[in-house]
Amino acid sequence: MDKDSQGLLDSSLMASGTASRSEDEESLAGQKRASSQALGTIPKRRSSSRFIKRKKFDDELVESSLAKSSTRAKGASGVEPGRCSGSEPSSSEKKKVSKAPSTPVPPSPAPAPGLTKRVKKSKQPLQVTKDLGRWKPADDLLLINAVLQTNDLTSVHLGVKFSCRFTLREVQERWYALLYDPVISKLACQAMRQLHPEAIAAIQSKALFSKAEEQLLSKVGSTSQPTLETFQDLLHRHPDAFYLARTAKALQAHWQLMKQYYLLEDQTVQPLPKGDQVLNFSDAEDLIDDSKLKDMRDEVLEHELMVADRRQKREIRQLEQELHKWQVLVDSITGMSSPDFDNQTLAVLRGRMVRYLMRSREITLGRATKDNQIDVDLSLEGPAWKISRKQGVIKLKNNGDFFIANEGRRPIYIDGRPVLCGSKWRLSNNSVVEIASLRFVFLINQDLIALIRAEAAKITPQ
């Protein structure tokens with residue numbers, strides 16, 4: 001009985017064990033079947049746990065993020081959430097997968113931040129260096145010296161000769177840039193420091209004269225004949241008033257220029273004559289009232305004026321041709337030739353300040369120095385630093401004709417015609433001789449020249 005009951009118990013336990021095992025197997029098989037049905041749409045692929053950096057595009061379905069999230073979920077729970085969940089992919093993901101190959105979206109051209117910085121940096125030097133091509137370092141130094149001397153940008157624009165022709169506005173803008181723009185000021189200072197000392201000395205010698213300097217120079221009398229020692233003594237007595245690059249020679253040249261334009265203290269400017277007589281064209285232009293001028297045109301009046309102008313020009317031409325004939329008669333009546341000539345003077349070279357007498361058949365013109373003595377020192381007339389030490393020679397031929405030969409570097413103008421170096425030109429009575437802004441009138445002693453021609457005519461037949 002006991003054995004039978006024990007056998008029945010064992011058989012029931014075995015049956016229940018097999019039944020429970022079969023139920024577990026069926027449940028596991030059902031779970032596998034359900035998971036395989038759920039994962040039927042997602043293809044199985046091999047993936048690595050190593051993360052590879054690569055460029056991502058907008059039209060690409062990024063799967064690395066999914067792999068990252070799945071590996072993180074595996075590490076946390078040990079079960080992959082994508083494979084355990086029986087849910088299908090969402091409709092938005094399906095749309096992304098279906099639309100991605102058909103219409104690829106181009107990558108947005110977003111500029112890198114470094115590129116924009118590079119563009120901004122390259123634009124700045126263009127604005128800074130836009131004027132560096134025209135304004136040379138020598139121009140900047142000239143501008144600074146001139147402003148420090150005069151404190152007036154208008155005077156600087158009128159008096160300083162730059163390498164380019166700048167307008168007053170450009171000069172003002174450059175001065176303000178040198179003062180207030182740190183970049184331009186730094187670049188200009190660096191360029192000026194690189195100038196050669198000789199170039200700096202030449203630029204400093206061109207500095208404008210201040211009002212204090214001209215006031216001291218105007219005290220030197222116009223009737224006196226100051227030498228270089230006079231101006232050197234003036235420099236020693238007033239070192240603070242004069243610019244540091246001033247020399248006695250520069251002071252003498254500027255004093256002669258002031259004397260020529262009647263700017264000295266003991267010189268008086270001639271007043272305008274009373275009445276309708278006017279000295280020059282500029283004074284006549286000042287007297288004209290512009291408000292009374294009208295722009296009304298009259299064709300009949302213009303025709304009459306044109307005919308009258310043509311008639312007057314013809315009369316002027318005739319008078320010019322007869323001028324030398326009438327000049328002899330006028331001189332003999334008025335006696336104008338007596339104060340200029342004597343029995344030994346062949347001709348006179350008359351300027352504004354000095355009168356040079358020609359008493360030999362050949363005289364030399366130029367600028368006198370200690371080592372070079374010449375007959376006619378043109379520095380007595382005015383500024384002569386542009387005149388050569390031996391500028392020219394005036395000769396009297398046997399036939400009574402005067403000729404001038406140019407031996408200097410600069411041309412000599414005779415009645416407006418240039419006579420270059422190595423050339424010569426015939427001088428007639430009342431010829432205007434211009435040498436480096438100095439003008440002279442050449443007057444011939446007609447009586448003495450007539451005697452010379454008569455003697456030459458007597459000698460030639462023999």
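Using the three backbone atoms N, Cα and C, a Cβ is placed for every residue, glycine included.
Annotated N-acetylmethionine per Swiss-Prot: Met1, in sequence order.
Per Swiss-Prot, region 'Disordered' is recorded for 1-130.
Residues annotated as phosphoserine in Swiss-Prot: Ser22 (among others).
What Swiss-Prot lists as compositional bias 'Basic residues' is 43-55.
Residues or ranges marked as phosphoserine by Swiss-Prot on the basis of similarity to another entry: Ser102 (among others).
The feature phosphothreonine is assigned by Swiss-Prot to Thr103.
Annotated compositional bias 'Pro residues' per Swiss-Prot: 103-112, in sequence order.
The phosphoserine feature in Swiss-Prot is assigned to Ser108 (among others).
Taken from Swiss-Prot, the feature N6-acetyllysine applies to Lys123 (among others).
The N6-acetyllysine annotation in Swiss-Prot covers Lys130 (among others) and rests on a large-scale study or a structure entry.
Among the features that Swiss-Prot reports, phosphoserine is placed at Ser282 (among others), with the record citing a large-scale study or a structure entry. The 10 Å shell around the Cβ of Ser282 (phosphoserine) contains 8 further Cβ atoms across the protein chains shown. In the three-state DSSP reading, Ser282 (phosphoserine) counts as helix.
If you look up Swiss-Prot, you'll see 301-335 marked as coiled coil, on the strength of sequence analysis. The average pLDDT computed for the coiled coil (301-335) is 81.
Counting same-chain residues at least six beyond the ends of the motif 'UBR5-degron' (389-396), those with a Cβ under 8 angstroms from any Cβ of the stretch are 346-347, 349, 358, 361-369, 372, 374, 378, 402-408, 410, 412, 427, 435, 452. Feature annotation from Swiss-Prot assigns motif 'UBR5-degron' to 389-396; the stated evidence is experimental evidence.
Helix first, then strand, then coil: DSSP counts for the motif 'UBR5-degron' (389-396) stand at 0 helix, 5 strand, 3 coil.
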